[in-house]
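Asker: According to TrEMBL, the feature active site maps to CYS216, HIS296, HIS380, HIS384, HIS413, ASN417. Annotation comment: TrEMBL describes 72-358 as domain 'FAE'. Here TrEMBL flags 379-459 as domain 'Beta-ketoacyl-[acyl-carrier-protein] synthase III C-terminal'. Annotation comment: TrEMBL describes 54-73 as transmembrane segment.
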Amino acid sequence: MGSKTRLLSLLTPIQLLQAFFCILLALTLALHAILSSTSTLLLDHNIRLVLSQHRIALFSLLWCTLVALLAYLSTRPRPVLLLDYACFLPDKDRKCSYETCEYFVRRSRRYNDVSEQFMSGIYHKSGLGDETYVPSFIFQNDYEAKLQSALEEAEEGMTAAVDALLAKTDVPASAIDLLIATCGMFAPCPSLTSLLVHHYRLPESTTTYNLSGMGCSSGVGAIDLAARVLKSSRKVRYALVVITESISLNWYFGDNRSMLVTNCIFRVGTAAVLITNDPAKRGVAKMEFLHSLRTHHGADDASYRAAYQEEDDAGTVGVALKKDLIRVAGQGLRAHIRLLAPKALPWVQLIQYAYHVVRGWLRKGDQKQKVPDFTTAFEHMCMHTGGKAVIESVGRLMQLDDSVTEPARMCLHRFGNTSSSLVFYELAYFDAKGRIKSGDKIWMLAFGTGFKVCSLVWRALRDSVMEPDNPWKDCIHRYPMKTW
């Protein structure tokens, strides 16, 4: 079936129409020959007599059947397959321990004593380990982030991840006809997609999209955009999605506490993902895209300003993480899973949930709110590790035990908050542990400024293996950590 679908995708609409009429003509002539008087040996006399009396109806049925078949083959959504992905692992000399952070903060002389103590406390409670990665300007003498530093940070991560991805999939850069780059807080000119088109000399026909200002949800949102484009296309296409964050220019040099938090938890990371709508690639693809969901809660004032870029009292720009961010995230997640549940949960869970809701309503809402058990729908969850408090809040809200939140907690410890790319570092954790089996369902959940909640649901097409470029390869034996 895959080769037939591939052949159809190679034909133009005019060629499809021509082939359709040729088939109809051949079948009509064959049917006419069968029903003719010279074909008495081919059919029983009674059957031939019945068919001869209803030729018009038979021909009409034949035409309608073929028209319906052609319409189905030409309009049904194409499968969206994730061929592979790659995560950027910076050099070891870019690791940032607590000692390195403390040294940078004090030597830069950009913070007062109160801010230094505040960041120290946040760092120790953040859940980050001593092997996360920071931009190169942290190790320079002038302690000043410049545009060049931000460009180098973005280009280094993107090209390293894309190089590894193209090498693994054996897909040439010239085959990519859809390119999506997303970076929440950095939007240079020319754009990041232009940088990639120039670096890899992509064809002039390449369609490009740049997503910015979406925060930590932009990676999942970019995959959703690529899937929608591929599903609607009648030709075989390859989509390259590059997910990065450049934190150099967003390092905050001020004393506003709500803005200092970002310095303590955000770190360097990039992921590249190659997806296609070619059914013939199912045998080599890692996962199949099932469905997605995106909810936007920006109409609410608190949600809109929960994570907000602004100037402090001294005019220094930073991203303020407000105190009610956890509450906003919880409300957004509740609304999100109410819409996701009917699509993902098995019927037993839906019936139990409906029963509990009705019973609580009849008892005037005095019952504790029930949360569906999403572990019955998904074997693995890659939830965005926005911070220790976010992980704990999601775990409490969805009543998840530590084994389910383990990948998120370990990713935060090893890599910090790499923004929208982190869900793929979690996927790499599962692969490094060899936990994903063919047929398993994977749920990717991310939160973003605005406030947005985004989900992707995948089905694994093969068992996970430890690949040479897996970012966990040299340290997976130490995880999970017993203390966090």
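Heads up, the Cβ atoms here are built off N, Cα and C, so glycines get one too.
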Asker: Using only C-alpha positions, which one of CYS216, HIS380, HIS384, HIS413, ASN417 is spatially nearest HIS296 (active site)? These are the active-site residues in the record.
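Answerer: Closest by Cα: CYS216.
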Asker: In the structure shown, which of the active-site residues HIS296, HIS380, HIS384, HIS413 has the fewest Cβ neighbours within 10 Å?
Answerer: HIS296
Asker: Which ones in the same chain are close to ASN417 (active site), with CB under 8 Å and 6+ residues apart in sequence?
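Answerer: Those within reach of ASN417 (active site), by Cβ under 8 Å and sequence separation of 6 or more, are CYS216, ILE265, PHE266, ARG267, THR385, GLY386, GLY387.
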Asker: Is it possible to get the count of other C-beta atoms within 10 angstroms of the C-beta of CYS216 (active site)?
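Answerer: Result for CYS216 (active site): 27 neighbouring Cβ atoms inside 10 Å.
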Asker: For the domain 'Beta-ketoacyl-[acyl-carrier-protein] synthase III C-terminal' (379-459), give the DSSP counts of helix residues, strand residues and coil residues.
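Answerer: DSSP composition of the domain 'Beta-ketoacyl-[acyl-carrier-protein] synthase III C-terminal' (379-459): 39 helix, 21 strand, 21 coil.
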